[in-house]
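*Asks:* Pasting the relevant annotations from Swiss-Prot:
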TRANSMEM  29-49  transmembrane segment
TRANSMEM  97-117  transmembrane segment
TRANSMEM  130-150  transmembrane segment
TRANSMEM  176-196  transmembrane segment
TRANSMEM  204-224  transmembrane segment
TRANSMEM  254-274  transmembrane segment
TRANSMEM  308-328  transmembrane segment
TRANSMEM  347-367  transmembrane segment
Amino acid sequence: MNSGIDLQASFIESLNQLGIPSGAAKALWIPFPSFLMIIGATVGVLVVVWLERKISAAAQQRIGPEYAGPLGVLQPVADGIKLVFKEDVIPAKADPWLFTLGPVLVVLPVFVSYLIVPFGQNLVITDLNVGIFFWIALSSIAPIGLLMAGYASNNKYSLLGGLRAAAQSISYEIPLALSVLAIVMMSNSLSTIDIVEQQSGYGILGWNIWRQPVGFFIFWIAALAECERLPFDLPEAEEEIVAGYQTEYAGMKFALFYLGSYVNLVLSALVFAILYLGGWEFPVPLDKLAEWLGVSEDSSWLQVITASLGITMTVLKAYFLVFIAVLMRWTVPRVRIDQLLDLGWKFLLPVSLVNLLLTAALKLAFPVAFGG
């Protein structure tokens with residue numbers, strides 16, 4: 001694996017230099033990733049919610065949030081405070097333990113997945129050598145929480161929503177994993193940092209989107225389905241099943257579903273940017289940038305600037321994808337459940353298998369271009 005800026009190792013080493021033993025330093029590190037994940041993901045969600053409401057308003061020729069802060073930027077905060085103080089109701093015949101555990105199982109894996117996301121030039125909380133596999137494994141836990149929430153609510157609409165969520169997740173998780181496997185095959189690594197490093201050196205031409213155009217579309221469609229974004233929001237289709245598995249929820253439990261949905265959208269966009277859009281890499285190669293600026297490629301200030309701007313590049317790519325997902329909400333109709341399942345099993349699955357086999361063949365035929 002590449003020697004990047006591993007926050008865990010750097011944090012422990014810094015405390016050791018201050019005279020703190022390694023055991024105590026590791027104990028101090030334990031709550032630190034959780035703090036970073038919660039703060040970063042929550043801020044990201046607040047931005048996405050505000051963007052979605054403003055974009056939705058523009059699509060419908062409305063103003064949108066306006067009074068809570070400048071341009072209504074504090075409206076998501078106001079909504080969050082409102083949900084915190086709303087009454088937490090548990091239906092009389094619901095299973096209270098499963099009813100409470102469902103939202104937790106939906107949110108927790110998504111937050112933990114941020115551990116392996118490199119936000120900048122090798123800037124990652126924990127650089128796992130199986131990082132991308134870790135993300136796929138965690139993403140398979142959330143549907144269990146959705147099914148649990150639907151079953152525990154003792155409501156027919158909630159149960160239908162939970163069953164739809166489970167069926168949808170199973171149908172699209174396999175094509176998504178196969179499209180990621182093609183990237184892993186080219187990168188010869190499951191580390192998210194190694195995957196980005198494999199795309200470096202050639203600017204925009206080195207990004208995996210050009211070598212994996214089919215996988216690019218498979219991943220995008222499957223990610224939208226996993227996030228339950230239109231046109232794949234069947235588990236909570238208001239016109240058909242009220243609010244799906246969320247029907248009986250209120251207060252903070254409802255807020256957890258709401259939070260998990262948007263955190264998952266931002267996470268999927270970040271992973272998408274890492275796999276296909278070069279992560280923190282610039283569209284222009286670093287040597288060309290140094291040549292245009294008339295400085296050495298090894299210049300310390302150039303390295304600092306590019307490392308700092310790398311974080312901005314990762315976030316900009318992710319939010320561009322979020323913008324497209326939000327825009328799709330007002331441009332495409334919702335599909336039927338049979339169309340949803342047919343698309344996953346009869347089209348995306350075989351195409352993703354063919355794409356994987358084709359990638360293996362190209363890797364053998366053109367090892368330089370496809371990571372042989």
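Cβ atoms here come from the backbone N, Cα and C positions, even for glycine.
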*Asks:* Of the stretches 97-117, 130-150, 176-196, 204-224, 347-367, which racks up the most C-beta pairs under 8 Å with the transmembrane segment (254-274)?
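*Replies:* The stretch with the most close Cβ contacts to the transmembrane segment (254-274) is 97-117.
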*Asks:* Count the CB pairs under 8 A between the transmembrane segment (97-117) and each of 130-150, 176-196, 204-224, then give me the winner.
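*Replies:* By the under-8 Å Cβ criterion, the transmembrane segment (97-117) pairs most with 130-150.
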*Asks:* Looking at the transmembrane segment (347-367) and the transmembrane segment (130-150), are there 3+ C-beta pairs under 8 A, with each pair at least 6 apart in sequence?
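*Replies:* No; fewer than 3 Cβ pairs under 8 Å.
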